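Below is one structure, written out as structure tokens; the observations come after it.
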Amino acid sequence: MANRSEEAEHDTVLRRSNQGGILDLVLKRPIRWLRMLVEELHWSFFFGVIIVYGVNQGLGKGLSKVSTQYYFKDEQRIQPSEAQVYVGLIQVPWIIKPVWGLLTDVVPVLGYRRRPYFIFAGVLSMVSMMVLSLHRNLQLGLALSCLVAGSAGVAIADVTIDACVTQLSISHPTLAADMQSLCGMSSSIGSLVGFSLSGVLVHLFGSKGVYGLLGLTAGLIVVVGLLLKESPSRSPGRKHMNEKFIDAGSAIWKTFQYGEVWRPCLFMLLSAAVSLHIHEGMFYWYTDSKDGPSFSKEAVGTIMSFGAIGSLVGILLYQNFLKNFPFRNVVFWALSLSVLSGFLDLILVLRINLKLGVPDYFFIVVDEFVSHMMSRIKWLPLLVLSSKLCPAGMEGTFFALLMSIEHVGHLLSSWGGGVLLHALKVTRTQFDNLWLVIVIRSLLRVVPIGLVFLIPNVDPSATILPADMLMNRRSEDVVETEKIEMTGLLSNEA
């Protein structure tokens, strides 16, 4: 009896220990991590990331993606191959991110380098979204112009906050992975909320009504610009500004001469370009095909919210278990698993899941979850690597340049997917060859696995650039390490 009592007591202690371990992993550890970031990097940086990544990009992405899909399908009534091309066109402002980055680094407005660009980005997005929301029977060309302008506003705000992230990655190299995880987590949580609400909001207010809500979220970027406490710097003359542009170009060219820089850039471009996007073809099949699931707007939004959950899980996995592994190893295994996950779409379109007794909704939810989780795990080490390739004094410009290279790859993949959908005659009503499109897309995902040798085989705490390129070489009108603080209006008055 005594032995049984001791065993029962031991089991109780073990269960409590396991429960405590789960609670520590799910709740206590993330709170300690967030508190550490606030203390090490200042709460103002934390707040800026939440607004830009969480609200403007995360929530905005969740709302805009579903509303734009239904806007193209129901309002403009275009084919899936055309919609795939136009979705790529909307991302063009992200390709020219180096221009925005160069302006924020080199060209102050009224003596300020950050505040005016936040304000301009917010106003641009607000105006374009309101035009889409309030204008009736807007022509396709004007509608695309508004969507591109709204995307440009988001891109400018992204570049401005990215400059802060990369600068802190240089001054706090051991926290580089943590900062990227914070950015990714904010974006994923915002996307989860946005996707969860998107279907219901599109059903209640229509796609144009959702654009009006996006105009309101863009206004928060204006608030960031108004609350940003930034010490004015002396505005350089035209001659001095020209010299700074020349110096910037020289620094960029010198950095790209290092093999540790141009090789991973080539990998990001090629790996993104060959991973064809066929999202619009799958979306039309989800909603319009007679043989498909015929999902409602609410169901589509819910399905995409599980993709955001998968992305968040990918971030947590990377942050807790993978962030200290070499970049090359993490990317290799993530690419390998993404090849296998790509064939889940094939099982769905061929209706094999129904033959196995698996409902469409459950299968698609699993597909979205897995694909987004693997995509995030693959992308996070590349983000951390990119933040370590930026020379001091040109953080915003160079990081934007690296990200624009990746966006060029995504543009090519989106247009390539549109061409493939058109070539195999996948239309609003014809989906006979959609399975072949999926097979080609999935096989092309094998190509980047053979290119992982381009990624440095170093761990995230290592320094990649030479020491002389990590020293701040800005002239006297710029503080060596610019401290950006968010303060309340009352604090400013005080």
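Cβ coordinates are placed from backbone N, Cα and C, and glycine is handled just like the others.
The transmembrane segment annotation in TrEMBL covers 41-59 (among others). Sequence-distant contacts of the transmembrane segment (41-59) (same chain, at least 6 residues past either end, Cβ-Cβ under 8 Å): 34, 125, 154, 157-158, 160-161, 164-165, 168, 172, 175, 179, 182-184, 186-194, 217-218, 220-221, 223-224, 483-487.
As annotated by TrEMBL, transmembrane segment applies to 117-134 (among others).
The transmembrane segment annotation in TrEMBL covers 140-161 (among others).
Taken from TrEMBL, the feature transmembrane segment covers 182-204 (among others).
What TrEMBL lists as transmembrane segment is 210-228 (among others).
Look at TrEMBL and you will find 261-279 (among others) tagged as transmembrane segment. Tertiary neighbourhood of the transmembrane segment (261-279): same-chain residues 84, 87-88, 255, 335, 382, 385-386, 389, 402, 405-406, 408-410, 412-414, 416-417, 420-421, 437-438, 440-441, 444-445, 447-448, 451-452, 454-456, 464-465, selected by CB-CB distance under 8 Å and a gap of 6+ residues from either end.
Here TrEMBL flags 299-318 (among others) as transmembrane segment.
Summarising the annotation, TrEMBL assigns transmembrane segment to 330-352 (among others).
Annotation source TrEMBL lists transmembrane segment at 398-421 (among others). Within its own chain, the transmembrane segment (398-421) is flanked in space by residues 80-85, 87-88, 91-92, 94-98, 100-102, 159, 162-163, 165-166, 251-252, 255, 265, 268-281, 382, 386-387, 389-391, 437, 440-441, which lie at least six positions past its ends and keep a Cβ under 8 Å from the stretch.
Annotation comment: TrEMBL describes 433-455 (among others) as transmembrane segment.
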Check your understanding: Is it the case that the transmembrane segment (210-228) and the transmembrane segment (117-134) have 3 or more CB pairs under 8 Å, with pairs at least 6 apart in sequence?
Key -> yes
Exercise for review: For the transmembrane segment (299-318), name the stretch out of 140-161, 182-204, 433-455 with the most CB-CB pairs under 8 Å.
Suggested key: 182-204
Study note, to complete from the structure: Residues outside the transmembrane segment (433-455) whose C-beta sits under 8 Å from one of its C-beta atoms, at least 6 past its ends, are 263-264, 266-267, 270-271, 274-276, 278, 281-282, 285, 327-328, 331-332, 335-336, 338-339, 342-343, 345-346, 349-350, 382, 385, 417, 420-421, 424-426
